[in-house]
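Undergrad: Sharing a structure with you now.
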């Protein structure tokens, strides 16, 4: 690697933590705040959508979304996210991180607003319009994953890089929490203004016409935080690592970083092209045998761990309301009005987010650069599996009246160790271990594998978790294997995740160029490429 490149990158690795680092965390983190809000708020309003659009006259229970509609509404955003992760991840390596960063945010803003404006003359047309806009909302969200992670990793110094990337991702916890809080506020306001009886006391009156505005307001709120950060995203300079290593202009990289970070970087090359080595062994592509030899197992490890995690993580998050009903924490739907049901679901999910989800993220921020990525991920998978088994084996005990508090505690701990564990590390590690010219692409591939797991979790759990007794299943569904057996499957996914954790290297305290081998001239793979941490 040429002298000018080394000076720029070494200065970044050695830079002290500065105000701009925290500014970058907020700018990138607000994207993840919006991502989480938009992806998870749909689970708060699906039961309301069923009541509003699929009322069944004479039925003893309120209307609910048909199985195919429920699967589409819950899962279509993940399909868009998967597509966006692959496309924007690739585009971020081709055009640069900054140029693509604004595109993803505007896509999220416009589609959040459009989702709340989904209209139609029939229930099917409303749901079709909603699914259309949520797909493209997911497409924009997908781009935020590889770009935010890559930008933060390339701005950070090597000493606190893990904490900075984790802090960006931790904003997801606040997004989930805010989704619950906003839903509580909106539903409480509408309940106060439009009092309605329980379904069993008045089937039609239990869902006032104004309830149709509730889910729309909740979905549209997601556009606000994203819109507020658009200007600042456009003001961010391109990352120095991209400019120096991919755009091959070390002088411009030095100038850009000197504007925002208090570092003294000298890059005096008159011709930017003179400062860059021509490529050689470090110019291999994604589909080359050299990439397969050096990073093939790493990509397999990051992608598979993310895939297995998201099967468990998203199936639990999206269907908390069904689990809470199954253990009698939330009353039967027929005993509540539509707005009361929304309020109770939001209250339960907010409590889980506040006690389990948010703390887990910030434990990772505090400890990741001390413990390391490997042990946090391995321990997280292990404890998630243990607590899921703790829920599954005595499941019949948890469902008896008076025992749901213990279930909620264990359930909350699975979220704590997901976030103080693989949900954070699977986001961090792919942003560190791949070469700069492929970093965004490989992160996008890993994230897309995760969203494939989320799709399987969201669609699969919807059907599998149905009661084994056909008489007790939700309207329109067939008998499944039940929540208890579904938890056994999710625990098995976590044990598999522990095994695949060994395929990715420990990146704690090592520069990005050492990890990716971009400053190695020898023909053998670098020592740090071993997959078992030391």
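Yeah, the Cβs are placed from backbone N, Cα and C, and that goes for glycine too.
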Undergrad: Any idea which of 314-333, 374-393 is down as transmembrane segment in TrEMBL?
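TA: The listed stretch tagged transmembrane segment in TrEMBL is 374-393.
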Undergrad: Need the matching range: TrEMBL marks transmembrane segment on one of 279-296, 351-368, and I'd like to know which.
TA: 351-368
Undergrad: By a Cβ-Cβ criterion of under 8 Å, what residues six or more beyond either terminus of the transmembrane segment (444-465) are in contact with it?
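TA: Hits for the transmembrane segment (444-465): 67, 70-71, 74-75, 78-79, 81-82, 85-90, 92, 142, 145-146, 299, 302-304, 306-315, 318-319, 322-323, 426-427, 430, 477-478, 480-483, 485-486, 489.
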Undergrad: Under a Cβ pair cut-off of under 8 Å, which of the recorded stretches 125-143, 164-193, 213-232 contacts the transmembrane segment (351-368) most often?
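TA: Maximum Cβ contact count belongs to 164-193.
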Undergrad: Sort out the residues at least 6 away from either end of the transmembrane segment (125-143), same chain, that have Cβ-Cβ distances under 8 Å to it, and list them.
TA: 34-35, 38-39, 42, 49, 53, 65, 69, 72-73, 76-89, 91-92, 100, 103-108, 111-112, 114-115, 118-119, 444, 447-448, 451
Undergrad: Which one of these stretches, 20-49, 69-88, 213-232, has the most C-beta pairs shorter than 8 Å to the transmembrane segment (164-193)?
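TA: That would be 20-49.
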Undergrad: Quick check for me: are there 3+ Cβ pairs below 8 Å between the transmembrane segment (486-504) and the transmembrane segment (100-119), leaving out pairs under 6 residues apart?
TA: no
